[in-house]
């Protein structure tokens, strides 16, 4: 009975919080059924949540069908946590336009469009700026590119630092304006108000008084969109390289008796 009580307390007081792309799924692809099944097994021992830069619809598409995601996870934080769901219910939603104001927002959009107009790439497609509630997502190639084009751009970006140079130009142009920039995924980067990185979700979790919040992410180096929450003292950060690595790390921590099976 004592073991059962201890296990019940851990489920209530421990949260595993996961990034989405590269951590639970390949970039912008659906979750593997085996990974999804493992997460539900994990949920029997701890509470689980996701925090992603994408909007809610994209996260829901990757992690389930329709609104399954808010039933399968105790917490869903879309757009770095500016859109928050807890136990299937929408808690709050913030908007970047209300925070920044229209003048700064248009200056930012116009600068990005002008910069990208001068870029010469092997391919350009569509949706270069995606306007989300809590951020702008900027993609030099365009988010409508195919998977093959996404990989091609990613390889070029590693060599020529396309996104890195773009971000440096933005930092210079908008110095002192309260903006932050982070690289995420293979083809884009995010622009958001200072303090609106993935740590934003931790403020709402503070009131739930978890003993431990484990965070798992793949972009945990400086400049990556998981870095701030990974390094935050309120979390125990785990850097992973793939969904399979995420599962293995969780097995080692929460199912040590079966860790050798993976």
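Using N, Cα and C of the backbone, Cβ positions are placed for all residues, glycine too.
Listed in Swiss-Prot:
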{"type": "MOD_RES", "residues": "2", "note": "N-acetylalanine"}
{"type": "ACT_SITE", "residues": "19", "note": "active site, nucleophile"}
{"type": "BINDING", "residues": "19, 21, 218", "note": "Mg(2+) 1 binding site"}
{"type": "ACT_SITE", "residues": "21", "note": "active site, proton donor/acceptor"}
{"type": "BINDING", "residues": "28, 132, 143, 150, 186, 188, 190", "note": "alpha-D-mannose 1-phosphate binding site"}
{"type": "BINDING", "residues": "230, 232, 235", "note": "Mg(2+) 2 binding site"}
{"type": "MOD_RES", "residues": "242", "note": "phosphoserine"}
Sequence-distant neighbours of residue 143 (alpha-D-mannose 1-phosphate binding site) in its chain (C-beta under 8 A, six or more apart):
125, 126, 127, 128, 130, 137, 187, 188
What's the CA-CA gap between residue 232 (Mg(2+) 2 binding site) and residue 28 (alpha-D-mannose 1-phosphate binding site) in angstrom, rounded?
26
Want to know which binding-site residues, from 132, 150, 190, 230, are within 10 Å of residue 21 (Mg(2+) 1 binding site) at Cα; which are they?
none
Quick one: which residues besides 230, 232, 235 have a Cβ within 8 Å of the Mg(2+) 2 site's Cβ centroid, in sequence order?
199, 202, 213, 215, 228, 229, 231, 233, 234, 236, 237
Near the Mg(2+) 1 site, what residues other than 19, 21, 218 in the same chain have a C-beta no further than 8 Å from the centroid of the listed C-beta atoms?
20, 22, 23, 24, 27, 52, 184, 185, 217, 219, 226, 240
What three-state class does DSSP give residue 143 (alpha-D-mannose 1-phosphate binding site)?
coil
At the level of the C-alpha atoms, what whole-angstrom distance separates residue 19 (active site, nucleophile) and residue 28 (alpha-D-mannose 1-phosphate binding site)?
12
Do me a favour and check the Cα-Cα span between residue 235 (Mg(2+) 2 binding site) and residue 132 (alpha-D-mannose 1-phosphate binding site); whole Å is fine.
26
Please identify, from the recorded positions 188, 235, 242, the residue with the sparsest Cβ neighbourhood, meaning fewest other Cβ atoms within 10 angstroms.
242
